[in-house]
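Colleague: As annotated in TrEMBL:
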- 1-18: signal peptide (SIGNAL)
- 40-490: domain 'Biotin carboxylation' (DOMAIN)
- Lys156, Glu240, His275: ATP binding site (BINDING)
- Arg332: active site (ACT_SITE)
- 567-836: domain 'Pyruvate carboxyltransferase' (DOMAIN)
- Arg648, Thr912: substrate binding site (BINDING)
- Lys745: N6-carboxylysine (MOD_RES)
Amino acid sequence: MSVLTFLGGMRAALGVLAVRRACCHSRSAHTSPQTLVYKPIKKVMVANRGEIAIRVFRACTELGIRTVAVYSEQDTGQMHRQKADEAYLIGRGLPPVAAYLHIPDIIKVAKENDVDAIHPGYGFLSERSDFAQACADAGVRFIGPAPEVVRKMGDKVEARAIAIRAGVPVVPGTDAPISSLQEAQEFSNNYGFPIIFKAAYGGGGRGMRVVREYEELEENYQRAYSEALAAFGNGALFVEKFIEKPRHIEVQILGDKYGNVIHLYERDCSIQRRHQKVVEVAPATQLDPHLRDRLTADSVNLAKLVGYENAGTVEFLVDKHGKHYFIEVNSRLQVEHTVTEEITDVDLVHAQLRICEGRSLPELGLKQDKIRINGYAIQCRVTTEDPARGFQPDTGRLEVFRSGEGMGIRLDSASAFQGAIISPHYDSLLVKVISSGKDLPAAAAKMSRALAEFRVRGVKTNIPFLQNVLSNDQFLYGTVDTQFIDENPDLFNLKPVQNRAQKLLHYLGHVMVNGPTTPIPVKAKPSSIDPVVPAVPLGDPPKGFRDVLLKEGPEGFAKAVRAHQGLLLMDTTFRDAHQSLLATRVRTHDLKKISPFVAQNFNKLFSIENWGGATFDVAMRFLYECPWKRLQELRSLIPNVPFQMLLRGANAVGYTNYPDNAVYKFCEVAKENGMDIFRVFDSLNYLPNMLLGMEAVGAAGGVVEAAISYTGDISDPMRQKYSLDYYLKLADELVKAGTHILSIKDMAGLLKPEASRVLISSLRDRFPDMPIHVHTHDTAGAGVAAMLACAEAGADIVDVAVDPMAGMTSQPSMGAIVACTKGTKYNTGISLEKVFDYSEYWEVARGLYAPFDCTATMKSGNADVYENEIPGGQYTNLHFQAHSMGLGHKFKEVKKAYVEANKLLGDLIKVTPSSKIVGDLAQFMVQNSLTRAEVEERADELSFPLSVVEFLQGHVGIPHGGFPEPFRSKVELERGKTLHIKALALGDLNKAGQREVFFELNGQLRSVLVRDTVAMKEMHFHPKALKDVRGQVGAPMPGKVVEVKVKEGQKVEKGQPLCVLSAMKMETVVNSPLSGTVAKVYVKADSSLEGDDLILEITE
């Protein structure tokens, strides 16, 4: 042993000796000749659960005392067993409450593990004298009064007699516990109604029932007896006259082993429901000082009379005349002890432990003249009860728990954490929130703020109700009595919680487990016939334009394209064609099968569009494929034809602006994996966004094809917002920026032959050396004519799709263009016979995707696209969505609304994502039956789709001509409400037929339980009561059936009791909603029920 250790040990020993000498000296001055020795506690067991167990453990840890927890089989996952140094199972095989009432097990665990003292907490055995005696008999200290005092105070009748001897006023009542209903009837005959039953051996509102009429007497007697028996192991009751509208005031007392007793002032516990306290305040507001003196003096006198030791509470009723009546003594620590601690700065649990060790109150610095009130404190009991349904207990899993904290806030909890299971077996208390301030309004303001910060999801709570109490003027500035809740119905005007994030997670989880809920409007099934790949010759494919690109680079490639004789084609079959017709659902598998044939027979193609755009999100979200792997595999199979992709400028392949370095890196990696030509566009032709994409492609070594999105009609002199001059000036900027190829992107198929000739010839005249590429859709059916007109006007390349994948909202027919140019100077050099073979494959392959085929709801294109200007892919999607929502017959209205929405937004260029913005606003208008004029007039009050709001905020870019005013200024642009959600994993099926779905929400782990509808078909579950079926009686809350009071075939009257449920130790009678005959009973005693489970059926 070192010298320092030895000296430290000596110092400690001398310190203990000094304390003992001081103790002896101090006690001799103020106690009887009895000599008591200070005996430190080394290990404490808490014979309880939940937050009170943790409260005591924390105090023990602060005092250097080791802790022991006990737990029932149902509490294996509870936090209190994790907070203790040691934890042991008790009551194996017993019901949940009975486990904590099993004295032999508790004493056995204490003896086997060298426990010095047992703290009973509150509830359970805390006021059982036989438990206190069992501790004493086992040589274990009971942290509380002596067994005989516990017995006297726990027996409400004897406590009443003692109060009378002490000169304390009492309420008229029975002198002893009653043993029969007849005794209760005799009392009511003598004193009249109302009367109240109270449990003789416990408190907390258990076994307490108010009876106002003779007809209610028998039922309430039975319920009170049953509750008391379940909660305290003894159903004995006493009955007394019920004082109307009293204040419930209680006084905190502390006594030591030497006859010293002090009070720590009072608490007001008048805000109650079902005789259980909801909100407690210390000190009591607007309490007459003389009344306070009488209350505290009576409490101290009563405690001294019985030799009270340790912490306790003396409870009183104060009537409207200021007269006080003794109710009872709770010989234990109260749930609401916290508010007393906050205003007196006295740690009551520390004091309990020290008193049990043999310390006197003066030694602990606890003298009456030193106890002062400092400010106000409020305690709110946050419970898992639904105020909207009569405070019915709710059970389940805490999916989200976030508490309110900060200055002036204290939290005492145990089961309040994400993932905790709230069972029906125990009290509904979730967390105690305690606030303190210089006065009641200040403390209430802190409490309101803290409760507003709480986020509890998965179970109902009383937080909205508590918030209403805290804002009530009577509570803040007047006095309240025990009828406060009943007389203030506005407290139940509860503000609904938004719960947006959790609702969204539930929806996403349901989709992940059970699939999409949106019905497919047709029952088309995939074809059972696999497509046959045409014969492919052996050997390497012939050279194509990609060989030119690899040899000459982007600039040389562009020159070769411009110098080429004849019309070049880009095949969109591998991307935009199936995006427009089949919702982008074509798998890599089917693209790979036909790729060798394409490489061998279509080497004269300018390029194949096979990547970018919607490919990314569909591949990952629906096909569960890697888009990068698709690019790599297709590249290895088609080495000779250039690949082309769609790049949304600064958005890359997403729907929002990305950091510049991300766009640069994306283009670099895409080029490395086989991409050649990047068609760069912006949905608003917003030049800064396009320039970023062009620079990123150039830096990666790709071919830059800058695309101007086309809208309007330059051949119409009445429509000149997007005039020929507009397009030419934009082309000037793009050519100046260094594009290799200039593209016109006609997403809606609006280019008529005449407009094609005017636009393309003007571009050709201005840029004679620049390759010109034209993209369109065939929605109106004029696509072939328009593309031929473009070729005649000087276009080098036009987009086509193989015949079975062409037409309607897709691109013009490859076969038609090849046939029409054959034998002319625009000859494509592609074999028409090979086009036929290519078509045969895709005709069968398309059948594999029948459930997604646009022809399921749309049988043809429509020339009204020249009026509504809906892009091809979006036209298909809107048509499908309208049918899915049962609005197929209103599609014409949707198209008209699209026109009006476009005008509202200032006549936009409509390409993804701007086209989606217009579409969202159009559907919003149809769903809400709004005209354009009504939207403009009510813009400041409507809740617009998020895409519309973000567009007006400038997230997408700045439209040509600026934002629409005054429409934009009227719309409320709410900021800071973005939810970032990432799906992580899907759990295994549990016994309840649920799967746990894990998400990351705003950087935090969240999970929801989702019923697997397929798996549940093979599992048995209790039937639910249907609310719209008269006579089906469902469980009003989760719980256990205590008693079934009727049988099948029995006639019942409306309001007649049918059965009794017990949840969280409170019993509820389920009454008949109508008169009739019991047709079938679905439950029996001890059945465990969930909310709305079917109890029985009644026929009229």
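The backbone N, Cα and C atoms fix where each Cβ goes, glycine too.
How about a rundown of where these features are and what they're close to?
Modeller: As a whole-number mean, the pLDDT of the domain 'Biotin carboxylation' (40-490) in this prediction is 92.
Around the Cβ of Glu240 (ATP binding site), the number of neighbouring Cβ atoms within 10 Å comes to 21.
Under a cutoff of 8 A between CB atoms, and with a sequence separation of 6+ in the same chain, the neighbours of Arg332 (active site) are Pro120, Gly121, Tyr122, Ser126, Glu127, Gly144, Ala311, Gly312, Thr313.
Counting every protein chain shown, the number of other Cβ atoms lying within 10 Å of the Cβ of Arg648 (substrate binding site) is 26.
All protein chains considered, the CB of Lys745 (N6-carboxylysine) has 23 other CB atoms within 10 Å.
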Colleague: Hey, what's the widest CA-to-CA gap across Lys156, Glu240, His275, the ATP contacts in the record, in Å?
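Modeller: The ATP-binding residues span at most 16 Å between Cα atoms.
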Colleague: For the binding-site residues Lys156, His275, work out the Cβ neighbour count at 10 Å and name the residue with the minimum.
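Modeller: Relative to the other binding-site residues in Lys156, His275, His275 has the fewest Cβ atoms within 10 Å.
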Colleague: Using the CB centroid of Lys156, Glu240, His275 as the ATP site centre, which other residues of the same chain sit with their CB within 8 A?
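Modeller: Near the ATP site, beyond Lys156, Glu240, His275, sit Gly173, Ile196, Phe197, Lys198, Ala199, Met208, Phe238, Val239, Ile327, Glu328.
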Colleague: Can you grab the distance from Glu240 (ATP binding site) over to Thr912 (substrate binding site)? Cα atoms, rounded to a whole Å.
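Modeller: Checking the Cα atoms of Glu240 (ATP binding site) and Thr912 (substrate binding site) gives a distance of 76 Å.
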Colleague: When a 10 Å sphere is centred on the Cβ of Thr912 (substrate binding site), how many other Cβ atoms does it contain?
Modeller: 19
Colleague: Write down the Cα-Cα distance for Lys156 (ATP binding site) and Thr912 (substrate binding site), rounded and given in Å.
Modeller: 77
Colleague: Calculate the distance in Å between the alpha carbons (Cα) of Arg648 (substrate binding site) and Lys745 (N6-carboxylysine), and round it to a whole number.
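Modeller: Checking the Cα atoms of Arg648 (substrate binding site) and Lys745 (N6-carboxylysine) gives a distance of 12 Å.
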Colleague: Measuring Cα to Cα, how many Å separate Lys745 (N6-carboxylysine) from His275 (ATP binding site)?
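Modeller: Per the Cα atoms, Lys745 (N6-carboxylysine) and His275 (ATP binding site) stand 74 Å apart.
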